[in-house]
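Features as listed in TrEMBL:
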BINDING   14-21, 27-28, 66, 93-96, 104, 120-121, 164-165  substrate binding site
ACT_SITE  15  active site, tele-phosphohistidine intermediate
ACT_SITE  93  active site, proton donor/acceptor
SITE      163  site 'Transition state stabilizer'
Ligand SMILES: O=C(O)[C@@H](CO)OP(=O)(O)O
């Protein structure tokens with residue numbers, strides 16, 4: 001058991017593994033469910049957060065099943081099933097447009113590794129009919145400012161369960177990252193990030209909670 005966190009806390013969690021993560025398909029706004037592994041990842045995420053004894057006042061998630069289900073499982077593991085939940089498409093994954101449903105390896109064969117990497121991880125190059133990270137940030141930021149930040153300034157502890165790229169947009173905001181710095185950041189499924197925020201809305205510190213199986217990688221409770 002870790003010391004209880006007493007300041008206002010914002011926790012971000014990417015959903016557990018989805019059926020389409022497992023199949024290596026571009027997912028975006030499509031709506032696959034969690035795999036069994038994804039359910040376990042969500043349970044483990046809930047237990048790791050429970051060890052930090054955070055009591056949440058409000059939860060936010062996207063309009064997509066994989067994030068909503070992950071949140072439900074986390075709240076159940078936390079024994080906090082009555083936390084109010086706000087679901088909003090502003091927190092949806094980046095819309096992958098014409099790539100949605102395509103296999104990522106097949107796409108590399110068709111368009112080349114570097115083009116696919118630009119679509120996946122450049123800041124402002126959108127896939128055909130889809131959103132870039134910049135476009136995603138442009139909808140995540142106003143939602144954060146108008147719906148989430150007021151909760152934090154009112155002294156609430158907040159959990160957000162969303163998606164790789166909607167959360168990377170939030171990480172940019174919270175850690176004041178440049179468009180180059182965010183390109184380096186990957187978010188693992190079911191790995192909670194605990195932030196303590198200052199009055200300016202920027203992170204004072206961050207803890208990445210990693211399940212025991214990932215201990216070979218970075219240290220469990222890295223504070224930056
Ligand atoms: O397919 C997607 O919607 C996302 C997240 O799984 O993929 P990527 O890692 O390419 O942003």
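Including glycine, each Cβ sits where the backbone N, Cα and C put it.
Taken in sequence order, the recorded positions 14, 15, 17, 20 that lie near ligand 1, meaning a CB under 6 Å from one of its atoms, form an empty set. Between the CA atoms of residue 17 (substrate binding site) and residue 163 (site 'Transition state stabilizer') there is a gap of 11 Å.
DSSP assigns residue 15 (active site, tele-phosphohistidine intermediate) to coil, not to a helix or a strand. Considering only the recorded positions 15, 93, 163, the residues lying within 10 A of residue 28 (substrate binding site) on a C-alpha to C-alpha basis are 93, 163. The DSSP secondary structure for residue 163 (site 'Transition state stabilizer') is coil. Residue 163 (site 'Transition state stabilizer') sits 13 Å from residue 20 (substrate binding site), taking the Cα positions as reference. The residue listed as 'active site, proton donor/acceptor' and residue 164 (substrate binding site) are 7 Å apart (CA-CA, integer value).
If you take the Cα of residue 15 (active site, tele-phosphohistidine intermediate) and the Cα of the residue listed as 'active site, proton donor/acceptor', they are about 10 angstrom apart, rounded to a whole number. Other Cβ atoms within 10 Å of the Cβ of residue 14 (substrate binding site), summed over all protein chains shown, number 28.
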